[in-house]
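One structure is given below, encoded as C-alpha coordinates.
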Amino acid sequence: MAIERTLSIIKPDGVEKNVIGKIIARFEEEGLTPVGIRMAHLARHEAEGFYAVHKERPFFGELVEFMTRGPVVVMALEGEDAVAKNREIMGATNPAEAAEGTLRALYATDIGENTVHGSDSAENAAIEIKYFFSDVQLFSRG
Ligand code: DAT
Ligand code: MG
(Lines of atoms letter the chains of each structure in order from A and count residues from 1; the text may use other names and numbers.)
(Lines give C-alpha, C1' and ligand atoms only; values in the text may rest on other atoms or scores of the structure.)
(Ligands and ions follow the chains in the order given, each with its own letter.)
Protein backbone atom coordinates (compact mmCIF):
# COMPACT_ATOMS: atom_id res chain seq x y z
CA MET A 1 0.00 0.00 0.00
CA ALA A 2 1.17 3.46 -0.83
CA ILE A 3 0.62 6.90 0.59
CA GLU A 4 -2.02 8.55 -1.57
CA ARG A 5 -4.16 11.66 -1.64
CA THR A 6 -7.91 11.81 -2.19
CA LEU A 7 -10.51 14.56 -2.40
CA SER A 8 -13.23 14.69 0.24
CA ILE A 9 -16.18 17.06 0.32
CA ILE A 10 -18.50 17.56 3.27
CA LYS A 11 -21.65 18.35 1.31
CA PRO A 12 -24.21 21.07 2.24
CA ASP A 13 -26.30 18.64 4.34
CA GLY A 14 -23.24 17.73 6.45
CA VAL A 15 -22.43 21.40 7.04
CA GLU A 16 -26.08 22.12 7.91
CA LYS A 17 -26.13 19.26 10.45
CA ASN A 18 -23.05 20.65 12.22
CA VAL A 19 -20.99 17.49 11.81
CA ILE A 20 -17.91 19.04 10.15
CA GLY A 21 -15.85 18.41 13.28
CA LYS A 22 -17.09 14.85 13.77
CA ILE A 23 -16.31 13.97 10.15
CA ILE A 24 -12.81 15.45 10.21
CA ALA A 25 -12.12 13.75 13.56
CA ARG A 26 -13.13 10.42 12.04
CA PHE A 27 -10.73 10.88 9.12
CA GLU A 28 -7.89 11.75 11.49
CA GLU A 29 -8.65 8.77 13.73
CA GLU A 30 -8.53 6.48 10.71
CA GLY A 31 -5.20 7.80 9.46
CA LEU A 32 -6.42 10.20 6.79
CA THR A 33 -4.69 13.50 7.41
CA PRO A 34 -5.96 16.77 5.93
CA VAL A 35 -3.28 18.43 3.76
CA GLY A 36 -5.65 21.10 2.42
CA ILE A 37 -8.99 22.39 3.74
CA ARG A 38 -11.25 25.16 2.57
CA MET A 39 -14.90 26.13 2.71
CA ALA A 40 -16.69 27.13 -0.46
CA HIS A 41 -20.19 27.96 -1.59
CA LEU A 42 -20.06 26.43 -5.05
CA ALA A 43 -21.34 28.42 -8.00
CA ARG A 44 -23.59 26.49 -10.37
CA HIS A 45 -20.83 26.18 -13.00
CA GLU A 46 -18.39 24.86 -10.38
CA ALA A 47 -20.78 22.11 -9.26
CA GLU A 48 -21.64 21.28 -12.88
CA GLY A 49 -17.95 21.07 -13.78
CA PHE A 50 -17.11 18.93 -10.78
CA TYR A 51 -19.89 16.43 -11.55
CA ALA A 52 -19.60 16.71 -15.37
CA VAL A 53 -19.23 12.92 -15.64
CA HIS A 54 -22.86 12.63 -14.43
CA LYS A 55 -24.35 15.30 -16.72
CA GLU A 56 -26.48 12.86 -18.71
CA ARG A 57 -27.91 11.20 -15.59
CA PRO A 58 -31.54 11.95 -14.67
CA PHE A 59 -30.55 13.23 -11.21
CA PHE A 60 -27.95 15.75 -12.49
CA GLY A 61 -30.17 18.82 -12.03
CA GLU A 62 -31.08 17.84 -8.49
CA LEU A 63 -27.45 17.08 -7.68
CA VAL A 64 -26.27 20.52 -8.84
CA GLU A 65 -29.16 22.20 -7.00
CA PHE A 66 -28.22 20.38 -3.79
CA MET A 67 -24.47 20.97 -4.05
CA THR A 68 -25.02 24.72 -4.48
CA ARG A 69 -27.58 25.00 -1.65
CA GLY A 70 -25.05 26.11 0.92
CA PRO A 71 -21.37 25.99 1.79
CA VAL A 72 -19.31 22.81 1.62
CA VAL A 73 -15.96 21.84 3.14
CA VAL A 74 -13.43 20.67 0.56
CA MET A 75 -10.45 18.66 1.77
CA ALA A 76 -7.43 16.90 0.36
CA LEU A 77 -6.75 13.90 2.61
CA GLU A 78 -3.46 12.02 2.71
CA GLY A 79 -2.74 8.55 4.04
CA GLU A 80 -2.14 4.91 3.20
CA ASP A 81 -4.50 3.76 0.50
CA ALA A 82 -6.39 7.04 0.96
CA VAL A 83 -8.82 6.64 -1.96
CA ALA A 84 -10.16 3.23 -0.90
CA LYS A 85 -9.93 4.05 2.80
CA ASN A 86 -12.05 7.16 2.37
CA ARG A 87 -14.67 5.23 0.34
CA GLU A 88 -14.78 2.64 3.11
CA ILE A 89 -15.29 5.28 5.82
CA MET A 90 -18.00 6.99 3.71
CA GLY A 91 -20.09 3.89 3.02
CA ALA A 92 -22.34 3.14 0.04
CA THR A 93 -23.80 5.95 -2.12
CA ASN A 94 -27.29 5.11 -0.88
CA PRO A 95 -27.27 5.57 2.92
CA ALA A 96 -29.95 2.89 3.24
CA GLU A 97 -27.29 0.45 2.00
CA ALA A 98 -24.33 1.96 3.84
CA ALA A 99 -22.61 -0.30 6.39
CA GLU A 100 -23.18 0.48 10.05
CA GLY A 101 -20.84 3.11 11.44
CA THR A 102 -19.96 4.62 8.05
CA LEU A 103 -20.37 8.36 7.65
CA ARG A 104 -23.33 7.97 5.31
CA ALA A 105 -25.06 5.51 7.66
CA LEU A 106 -24.50 7.91 10.54
CA TYR A 107 -25.37 11.23 8.96
CA ALA A 108 -26.99 10.94 5.51
CA THR A 109 -30.71 11.08 4.84
CA ASP A 110 -31.05 9.84 1.26
CA ILE A 111 -29.15 8.97 -1.89
CA GLY A 112 -29.31 12.55 -3.13
CA GLU A 113 -28.16 14.08 0.17
CA ASN A 114 -25.43 11.74 1.26
CA THR A 115 -23.19 14.05 3.30
CA VAL A 116 -19.79 13.26 1.81
CA HIS A 117 -17.99 12.95 -1.51
CA GLY A 118 -14.87 10.88 -2.03
CA SER A 119 -12.79 10.36 -5.18
CA ASP A 120 -13.28 6.94 -6.76
CA SER A 121 -9.73 6.40 -8.12
CA ALA A 122 -6.23 7.80 -7.64
CA GLU A 123 -6.43 9.27 -11.13
CA ASN A 124 -9.70 11.10 -10.41
CA ALA A 125 -8.38 12.16 -7.00
CA ALA A 126 -5.53 14.03 -8.69
CA ILE A 127 -7.96 15.72 -11.09
CA GLU A 128 -10.42 16.61 -8.31
CA ILE A 129 -7.75 17.96 -5.95
CA LYS A 130 -6.49 20.21 -8.76
CA TYR A 131 -10.06 21.38 -9.39
CA PHE A 132 -10.25 22.89 -5.91
CA PHE A 133 -6.70 23.54 -4.73
CA SER A 134 -3.66 25.31 -6.12
CA ASP A 135 -0.21 24.01 -5.14
CA VAL A 136 0.30 26.68 -2.47
CA GLN A 137 -2.96 25.61 -0.74
CA LEU A 138 -1.65 22.06 -0.20
CA PHE A 139 0.74 21.09 2.56
CA SER A 140 3.07 18.20 3.22
CA ARG A 141 2.54 16.68 6.67
CA GLY A 142 5.38 14.16 6.48
P1 DAT B 1 -20.60 8.46 -5.02
O2 DAT B 1 -20.87 9.83 -4.46
O3 DAT B 1 -20.82 7.38 -4.00
O4 DAT B 1 -19.29 8.36 -5.74
P5 DAT B 1 -21.82 8.54 -7.68
O6 DAT B 1 -20.49 9.02 -8.17
O7 DAT B 1 -22.43 7.36 -8.37
O8 DAT B 1 -21.76 8.18 -6.11
O9 DAT B 1 -22.87 9.72 -7.75
C10 DAT B 1 -22.50 11.04 -7.39
C11 DAT B 1 -23.60 11.64 -6.55
O12 DAT B 1 -24.79 11.76 -7.34
C13 DAT B 1 -24.02 10.81 -5.34
O14 DAT B 1 -23.18 11.01 -4.23
C15 DAT B 1 -25.41 11.32 -5.10
C16 DAT B 1 -25.93 11.55 -6.52
N17 DAT B 1 -26.67 10.37 -6.99
C18 DAT B 1 -26.13 9.20 -7.44
N19 DAT B 1 -27.09 8.32 -7.79
C20 DAT B 1 -28.26 8.95 -7.55
C21 DAT B 1 -29.64 8.58 -7.70
N22 DAT B 1 -29.99 7.39 -8.17
N23 DAT B 1 -30.58 9.48 -7.33
C24 DAT B 1 -30.24 10.71 -6.87
N25 DAT B 1 -28.95 11.13 -6.69
C26 DAT B 1 -27.99 10.26 -7.03
MG1 MG C 1 -18.57 9.21 -7.44
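Along the chain as shown, residues are numbered 1 onward.
Even glycines carry a Cβ here, placed using N, Cα and C.
In TrEMBL, annotation is done automatically, which means it is predicted and not curated.
Cβ neighbour count for H117 (active site, pros-phosphohistidine intermediate) (all protein chains, 10 Å cutoff from its Cβ): 22. In three-state terms derived from DSSP, H117 (active site, pros-phosphohistidine intermediate) belongs to an extended strand segment. For H117, the entry in TrEMBL reads active site, pros-phosphohistidine intermediate.
Under the heading ATP binding site, TrEMBL lists K11, F59, R87, T93, R104, N114. Over all protein chains present, the Cβ of T93 (ATP binding site) has 13 other Cβ atoms lying within 10 Å.
As annotated by TrEMBL, domain 'Nucleoside diphosphate kinase-like' applies to 3-140.
Under the DSSP three-state reduction, R87 (ATP binding site) is assigned to helix.
Within the set of binding-site residues K11, F59, T93, R104, N114, F59, T93, N114 have a CB atom less than 6 Å from some atom of ligand 1. Taking only the Cα positions, the spacing between H117 (active site, pros-phosphohistidine intermediate) and R104 (ATP binding site) is 10 angstrom. Within 10 Å of the Cβ of R104 (ATP binding site) there are 24 other Cβ atoms, across all protein chains.
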